[in-house]
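S.K.: Copying in the features that TrEMBL gives for the protein in this structure:
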type: DOMAIN; residues: 5-71; note: domain 'J'
type: DOMAIN; residues: 147-229; note: domain 'CR-type'
type: REPEAT; residues: 160-167; note: repeat 'CXXCXGXG motif'
type: BINDING; residues: C160, C163, C217, C220; note: Zn(2+) 1 binding site
type: REPEAT; residues: 177-184; note: repeat 'CXXCXGXG motif'
type: BINDING; residues: C177, C180, C203, C206; note: Zn(2+) 2 binding site
type: REPEAT; residues: 203-210; note: repeat 'CXXCXGXG motif'
type: REPEAT; residues: 217-224; note: repeat 'CXXCXGXG motif'
Amino acid sequence: MAKRDYYEILGIEKSTDERSIKKAYRKLARKHHPDASSESPEIAEKKFKEISEAYEVLADSEKRKRYDQFGHKGVDFGGGGFSWDQFSHEGDISDLFGQLFGGRQGGGGGMGSIFSQLFGGGQSQPNNRGNDLRYDITLDLKEAFTGIEKEVTIPREDSCKKCNGSGAAEGGTARTCSTCAGQGIVRKVMQRGFMQTVSTDNCSDCRGSGSVIDKPCNGCKGSGTVSVDKKIKLKIPAGADDGYRLRMRGQGSAGPNNGPKGDLYIVVNVKRHEIFQRQDNEIVLDLEISPSQAVLGDSMRVPTLAGNVKLSIPSGTQSGDVLRLKGKGMPDITRPSLKGSQHVRINVKVPKPNGKTRKLWEELKKLDSTKPSFMDRMRDTFG
């Protein structure tokens, strides 16, 4: 299958500079990273690999030059396609991954664990690893603007204190599981015509531990884990948008028989605001003004997420005009010091005249009637 054009993958032009290439990569990496994407893991991983391969080439001036001259053949990695072992921007990518997915999560793992999880490199995870957990948290727009720190209670499995996670009662012993020969996994072979498929799964007899306990702990029934409500402090960064996911390594459930803990994924939901509309890092506010304010101009205070600020309305403002308040939008989640703008959409509200105002409007109408209309000017021009 022919490869897609690298410029097309990143959604950029061939003349795009290095800084804009990196910006495009950041945006797509956040969107399609398997930990953040709403797509299936297989599709997200495929897209993420494709995006990263394109960035690897276009971010390197020498490789980009060869690609522009010879296409994919000019940057073919040894004839075998793209390989993470040949990734020359690991330092840059590591920093980027930290900002996008790991910089605020705490815990270990780093680049090695990320790449091995995504692309199959390195050793597989222990088969008795605990389950990953998901916790949904709802914020209002102001909380998303400022970021929050909050303590929440998460139901999860922790190691049993009675048996220290071993699953065995005092005096109990463990023997090698005969079903899986102590491997913790069983292989299943399926034959379909000339095709043979081999798959692996946790052994159900030993729950993936490789051993069977003759005298199980009565506190955890031999599993090594018990259900608890764990209090955890969350820190949601300023600028979090609806659907933002925060990964907390090692805060999921403990695995059976002293298995390592899974991860906790915090999913942010942001409620709609009464008057503000959010568009990425931009905020939109609809503002009604009177005809006199539109004609003469005015200075008034308008609300923003950071508080009320002064807005100057120029004379001659029309309905549909948009006035910009720079730096009054949402902070960028990767660089909180950078903020979007607030866009104030003007709507000139025409009032229904009463006895007093009707006379004023009639006077204005007389003034307008002394000026040649558009049709009068057309007739004068073309006869």
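A Cβ is built for glycine as well, from the same backbone N, Cα and C atoms used for every other residue.
What TrEMBL says about a protein is an automatic prediction, not a curated fact.
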S.K.: Under 8 Å for C-beta pairs, could you tell me which stretch among 160-167, 177-184, 217-224 has the largest tally with the repeat 'CXXCXGXG motif' (203-210)?
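M.R.: Comparing 160-167, 177-184, 217-224: 177-184 has the most Cβ pairs near the repeat 'CXXCXGXG motif' (203-210).
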S.K.: Tell me which of the binding-site residues C177, C180, C203, C206 ends up closest to C160 (Zn(2+) 1 binding site) in space, Cα to Cα.
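M.R.: Smallest Cα separation from C160 (Zn(2+) 1 binding site) among C177, C180, C203, C206: C206.
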S.K.: Let me spell it out: take the repeat 'CXXCXGXG motif' (217-224), skip the flanking residues so only those 6+ beyond its ends count, and list any with a Cβ under 8 Å from a Cβ in it.
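M.R.: Those are 159-163, 165-169, 172, 207, 254-259, in sequence order.
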S.K.: List, in sequence order, the same-chain residues at least six positions removed whose CB sits under 8 Å from that of C180 (Zn(2+) 2 binding site)?
M.R.: V186, C203, D205, C206, G210
S.K.: What are the DSSP helix, strand and coil residue counts for the repeat 'CXXCXGXG motif' (160-167)?
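M.R.: DSSP classes over the repeat 'CXXCXGXG motif' (160-167) add up to 0 helix, 0 strand, 8 coil.
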S.K.: Please work out the number of neighbouring Cβ atoms within 10 Å of the Cβ of C177 (Zn(2+) 2 binding site), leaving out its own Cβ.
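M.R.: A count of 20.
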S.K.: What residues in the same chain, six or more past the boundaries of the repeat 'CXXCXGXG motif' (160-167), come closer than 8 Å to it by Cβ-Cβ distance?
M.R.: 174, 209, 213, 216-220, 222-226, 254, 256-258
S.K.: Just counting, how many other CB atoms are there within 10 A of the CB of C160 (Zn(2+) 1 binding site)?
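M.R.: There are 22 such Cβ atoms around C160 (Zn(2+) 1 binding site).
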S.K.: Quick one: among the binding-site residues C217, C220, which has the most Cβ atoms sitting within 10 Å of its own Cβ?
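M.R.: Going through C217, C220 one by one, the largest Cβ count within 10 Å is at C220.
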S.K.: Report the residues of the chain - excluding C160, C163, C217, C220 - with C-beta within 8 Å of the mean position of the site's C-beta atoms, for the recorded Zn(2+) 1 site, in sequence order.
M.R.: K161, K162, N164, G165, S166, G167, A168, A169, P216, N218, G219, K221, G222, S223, G224, T225, V226
S.K.: What is the three-state DSSP composition of the repeat 'CXXCXGXG motif' (217-224), stated as helix, strand and coil residue counts?
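M.R.: Summed by class, the stretch gives 0 helix, 0 strand, 8 coil.
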S.K.: For the binding-site residues listed here (C163, C206), tell me which residue's CB has the most neighbouring CB atoms inside 10 Å.
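M.R.: In terms of Cβ crowding, the pick is C206.
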S.K.: In the repeat 'CXXCXGXG motif' (203-210), how many residues does DSSP assign to helix, to strand and to coil?
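M.R.: The composition, in the requested order, is 0 helix, 0 strand, 8 coil.
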S.K.: Measuring Cα to Cα, tell me the gap between C163 (Zn(2+) 1 binding site) and C177 (Zn(2+) 2 binding site) in whole angstrom.
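M.R.: Per the Cα atoms, C163 (Zn(2+) 1 binding site) and C177 (Zn(2+) 2 binding site) stand 20 Å apart.
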S.K.: Given the model, what does the mean pLDDT over the repeat 'CXXCXGXG motif' (217-224) come out as?
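M.R.: The average pLDDT of the model in the repeat 'CXXCXGXG motif' (217-224) works out to 84.
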